[in-house]
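Asks: Mind having a look at this structure? Questions to follow.
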Ligand code: GLY
């Protein structure tokens, strides 16, 4: 059994090294334990497309999310509390494809998906296709904690949100004029002709956290992909695809072409590689993104955090909005591949 495990591990490492050679991934270089990692989506994010002002806005929003989550952890809150605090900030920011500022369906409406998972208990909650819940991540948590179910969709999810006293808003709250314009141009000329869409093509937000009790949690929230059919559900609310947390391995939140992440069960694959093949969090995340996902032709990335505070931020796109805070409160924010 041990020999078999070593063989599989060796094969995976070879595969990873081979496929990772022409793509990039980043991982915190310092030795301090990381306690919170966030992402704001992966895509064709390059310096030449970015203005200094816009980059500043992204950095400020990611910082605000990291600070909010870190504050929770410092005050003795759980990793679930920290994940929710960080994701709420990103959902409320119009910069990201989640909550306000979400991409639109081909009908011009916002349909939001979110999920959360507790690495201690393996409990999970998810919502899909919600149109009036201001912070879908809060609803995902209520599904996990206040219902016997894992996933609620559409009208059922919204009725539950109302019963739970969550804030509801008209769908127009989520819809920004620039998103309407992007949709119009996309319909007119195709996705490739709209540079902002390349940047945010698969933008999603997510967070993974480790609390002082040694517990991991993961959460993800998204508007999906621009121009999607109404009713389309991506990977973000699918436990095992876009989100997973297991104290025995790591916590994961993904961003990318959801259909590929669902087909490859990317988040759970990373956990399984750690649990059953003995890979580290960096190796497992790289194998899933630069190996499995890339071979299938998919693009995107993940943030991952293990129980020792080792973090990995791996993507095969030009960039990924991402950042982490270590146990001393030191914040690092990165956007581009290098
Ligand atoms: N990864 C977000 C989506 O495909 O919906």
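Every residue gets a Cβ built from N, Cα and C, even glycine.
Bear in mind that TrEMBL entries carry predicted annotations, made automatically and left uncurated.
So TrEMBL lists these for the protein:
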type     : residues                               : note
ACT_SITE : 204                                    : active site, nucleophile
BINDING  : 232, 233, 234, 235, 255, 256, 257, 258 : substrate binding site
SIGNAL   : 1-26                                   : signal peptide
Asks: When the Cβ positions of the recorded positions 204, 232, 233, 234, 235, 258 are compared with the atoms of ligand 1, which fall under 6 Å?
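Replies: Close enough to ligand 1 are 204, 234, 235, 258.
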Asks: For the C-alpha pair, I'd like the distance in angstrom between residue 255 (substrate binding site) and residue 204 (active site, nucleophile), rounded off.
Replies: 6
Asks: What count of other C-beta atoms do you get within 10 angstroms of the C-beta of residue 204 (active site, nucleophile), across all chains shown?
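Replies: Neighbour count, Cβ to Cβ under the 10 Å cut-off: 36.
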Asks: Other Cβ atoms within 10 Å is the metric here; tell me which of the binding-site residues 234, 256, 258 scores highest.
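Replies: Per the Cβ count within 10 Å, the most buried is 256.
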Asks: Of these binding-site residues, 255, 257, which scores lowest on Cβ atoms within 10 Å?
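Replies: Among the binding-site residues 255, 257, the lowest count of other Cβ atoms within 10 Å belongs to 257.
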Asks: Give me the count of other Cβ atoms within 10 A of the Cβ belonging to residue 232 (substrate binding site).
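Replies: The answer is 17.
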Asks: Based on the record's binding annotation for substrate (232, 233, 234, 235, 255, 256, 257, 258), what whole-number value in Å is the widest Cα to Cα distance?
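Replies: Greatest Cα-Cα span of the listed binding residues: 16 Å.
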